[in-house]
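Take a look at the structure below.
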């Protein structure tokens, strides 16, 4: 009888653990699929940029400048959305962000499939960017707060690796389907994902502070306190090279191919698929290295050095074939494969009452760096040329990232159950 009672007690005690494990698994899966749709929608514009503008009657010579302007509108939405969703995530909860953001960007992308004028295109890129801003940071924050510290690196790596496949799918869909249908497909995937989120629970760490009378998500405090500002700024600067590659290099792919004398017509969707194949592969490798070495900073150093090498190879190693160019984009993707660790590091730098604000705004401010990057590129392109101008910007972003890494504190295995 005693053995039976012990067995029964053990089974009862195991119920919360089983529920927690099941909830964590669902959360990781939903976060990964959410980031998949997020990346698909965000990168689709790069694939269909030229053919959508040509279909709307824009002259071929104007597609780059108008395309960069549309990209800036999307980036503006990401910046505004990052601040809004970040604050909301700390004040009202991470789940609020996961539901609200997907409704907005899915609606915007469906409507984008029916845009007939440039001003409609611009408006919908802002709205889509606003919605897309909340996805990655909220998902990573919940994974970090739900999983134990020994395995949270692997959880974040899985989320990012699955998510980055969205760009490969965007490349394929944008290449083989009409640009309008491609946007509608992205919106439809978002609404389907919304149904899966019904079973997701709020982070336990956030629930512990939800009703407490402490300051939560005060965005301005990140700039008025040197301790917070320093940690926040370094988290952003470490990731600058990623959007030099994803923002600038992918966008100028057709013009770059023409400049180096490749006569074959470059396929933008194919270019993105190769770049993100490298990105996704490196992201898995980066997570495994970080887990093995128990360090965030080491992988930042390794991958930024790889990014520097790949940038120099990209611009100065001669190639005259389309396959050689695709290989360069694959290598460029490898060099920025630390993006998931970047967001993970940002979330680990701050307490629970600021974590969502930081984890959501940091990747979007990195994306927002595309605005000054594009501005500087347009400014120096005339005097330095496309190749030297872009190379100068790329090398500069890597140097800045390496310096920021040097001054960043290691956060691997850090206890996250605290407040600022």
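Note that Cβ sites are derived from N, Cα and C of the backbone, with glycine treated the same way.
Any TrEMBL annotation is an automated prediction that lacks curation.
Of all ranges given (95-117, 210-232), TrEMBL attaches the label transmembrane segment to 95-117. For the transmembrane segment (179-200), same-chain residues at least 6 beyond its ends with a Cβ under 8 Å from one of its own Cβ atoms are 23, 26-27, 29-30, 33-34, 37, 40-41, 44, 47-48, 51-52, 55, 95, 98-99, 102-103, 105-114, 170, 173. Just going by CB pairs under 8 A, the stretch in 26-48, 68-88, 95-117, 325-344, 383-407 that sits most against the transmembrane segment (301-319) is 325-344.
Averaged across the domain 'Major facilitator superfamily (MFS) profile' (27-413), the predicted model reaches a pLDDT of 91. The stretch in closest packing with the transmembrane segment (356-377), judged by the count of Cβ pairs under 8 Å and taken from 68-88, 95-117, 123-142, 325-344, 383-407, is 68-88.
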